[in-house]
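Participant: Dropping a structure here in structure tokens format, bear with me for questions.
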Amino acid sequence: MSVRYPLLNRELGILGFNERVLAQAADPQVPLLERLRFICITSSNLDEFFEVRMAGLQEQIRDNPGALTPDGMSLQHAYDLVVERAQRLVHRQYTMLHETVLPALEQEGIYFHASDSWNDEQLEWARRYFLDELLPVLTPIGLDPAHPFPRVLNKSLNFVVELEGRDAFGRQAVMGIVQAPRALPRVVRMPHALSGFEHGFVLLSSFMQRFVGELFPQLVVKSCNQFRITRNSELFVDEDEITNLRVALQGELPARHLGNAVRLEVSADTPLHIVRRLLEESELGDKDCYRVAGSVNLVRLMQIPDLVDRPDLKFTPFTASTPAVIANAPTMFDAIDAGDILLHHPYESFQPVLELLQQAARDPSVVAIKQTIYRTGTDSPLMDALMEAARNGKEVTVVVELLARFDEETNINWASQLEAVGAHVVYGVVGHKCHAKMMLIVRRVVQAGKASLRRYVHLGTGNYHPRTARLYTDFGLMTADQKICEDVHHVFQQLTGIGGELTLHELWQSPFTLHPRIIESIRAEIDNAQAGKRARIVAKMNALLEPSVIAALYEASQAGVKVDLIVRGVCALKPGVPGLSENITVRSIVGRFLEHHRIYYFHAGGAEDVYLSSADWMDRNLFRRVEVAFPIRERKLKRRVIAEGLSVCLGDNQSAWQMHSDGHYRRRRTGKTIRNAQLGLLAKFCS
């Protein structure tokens, strides 16, 4: 593939984002237990990176080794660069954990007891715990011709045990494998009286390394080392052949745990000949092995902040606010009738969204509810409200995206429950994930003695997920605007029925009008700049990768348009290149909350067009998903979006990272006045 304009590598960009996340763990301004949490978040992110992106890169190398990446590199060269950077990131992560965070936790009375440090009383307690709580659940597998190497599950914790001696059948014992069931706790609290610390913990791996011999009686344990294999987790569903997507997915999900191996993690002290055996059994090369100084699964340490009652070592709790127009209105419908409502999560509560749906479920005047679901969690009051509405006789239609990655099983379960109470459940459009966030309520109202149907809509940039609504930054709009409601009705009509493309008047929708409208809006700014008028583009999103949009932004810069991009994650555009992109800046905000809203601002000759959306500027969002972008017309709300979503990020000099033309980021901590976008909004909205 020839590249007309320069692009940056996607995989390297994802690793760059995770480097910025890990930097939070090194920041002394971040509370200590939150620093530990950021180390764990980095591990979780890397797991998905290997399961999806690295797995895909390995497949491309196998299938088409001569191909190039979108940024023009050979696949093998790109893979080598990504592996090298990933290895550095993992090394930095474990160094930070062991040399900075764990010693600081020990100073605060939070300690992890390694097995080689146990005194006699601690040893006896640990032995009893192993025999009573762990041993009955563990299954040792001895390796011999009758017991081949097991195909260990994706991301499971395993132990490879080197043995010596003969077993009860006279067989020479060489090696055994023990897989730790997911039900076993990875972290166990040691009784306070034994620990000597306020909060003492023992890792499951410490129990195993000390007592694994109990699983192999009368044999000598020469070594016991933990390992973990990450597998390709993409689901393979032939969308052209299936007749029932849910049934096809249910058949495919179990295979996710047994896909091709893409990464081997082993403890640093694992003997080389054992590492070789593990790589051979996994069909991996030396570059795919990550030797780590400690636990091979740091994600499980994420529970420590929840187990330790030390508010002084965590982010200050906050109570999200509720807009006065909602608090003072008899019902959510009355509040929306008074005018459009903008909610800015997590600073403003997600509860009004739940209340809107709950009131709709119980209101005898409501006749129909339509809802999209992408991610909502396993325990969702929103889904409970939809089922209540169906039981109450409402016409409930839910578009459940079954292919939401890693939420497929949860969404299948919700779809079954919804159908059981009489709701209409559809799975969107085969070949196009439904990522749009839409709720439509149809209510019978009486005005001046005349009955009519009135529509109410909620549109959002984030998922209908109460838990992540406290962790992600997102905007939501509640409106009864007739044009927007009509457009949302048409989108639902497309999702649930069959027919031609319907004309939308206010919304931009992918895969139809969203990409053309973005390009047209950029072109309009170019025209204004060339005519000597003011021209400006500000856009905020999670990722920027789509080549034609990037090309248009480069052309805008060359025409003199000032372009400010706030891209949390990967960005393939190179800013600040003379003659190409010197008028473009790119920054990334990484802080307490995950920046998640997508905002498109175009100066538009002074009209200032502002759109909110669920769509990043990526190929998949613009061409292979159903997404919507919706306008903010009301002046006061528009000023809020510009101020709270864009200006605070552009002015941030604490959690902002500035991207340079080589693709590297540097923390932007300049100026005498401290400006932190998220902390400023917390202070403005929350108590």
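Even glycines carry a Cβ here, placed using N, Cα and C.
Feature annotation from Swiss-Prot assigns active site, phosphohistidine intermediate to H435. Here Swiss-Prot flags N45, Y472, R568, H596 as ATP binding site. Per Swiss-Prot, the feature Mg(2+) binding site maps to R375, R405.
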Participant: Count, for each of the recorded positions R375, H435, R568, H596, the other C-beta atoms lying within 10 angstroms of its own C-beta, and report the residue with the smallest count.
Facilitator: R375
Participant: Name the secondary structure element type, per DSSP in three states, that contains N45 (ATP binding site).
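Facilitator: DSSP assigns N45 (ATP binding site) to helix.
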Participant: Give me the long-range Cβ neighbours of Y472 (ATP binding site): same chain, 6+ apart, Cβ under 8 Å, in sequence order.
Facilitator: H345, P346, G462, F593, L594, E595, H596
Participant: In angstrom units, rounded to an integer, how far apart are the Cα atoms of R568 (ATP binding site) and the residue listed as 'active site, phosphohistidine intermediate'?
Facilitator: 19
Participant: What are the other residues, in sequence order, whose C-beta lies within 8 angstroms of the center of the C-beta atoms of N45, Y472, R568, H596 at the ATP site?
Facilitator: N542, G569, L594, E595
Participant: For the residue listed as 'active site, phosphohistidine intermediate' and N45 (ATP binding site), what Cα-Cα distance in Å is obtained after rounding to a whole number?
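Facilitator: That separation, Cα to Cα, works out to 21 Å.
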Participant: Does DSSP give R375 (Mg(2+) binding site) helix, strand or coil?
Facilitator: coil
Participant: Measuring Cα to Cα, tell me the gap between N45 (ATP binding site) and R375 (Mg(2+) binding site) in whole angstrom.
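Facilitator: The Cα atom of N45 (ATP binding site) is 17 Å away from the Cα atom of R375 (Mg(2+) binding site).
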Participant: Please find, for N45, Y472, R568, H596 as listed binding ATP, the greatest distance between any two Cα atoms, in Å.
Facilitator: 15
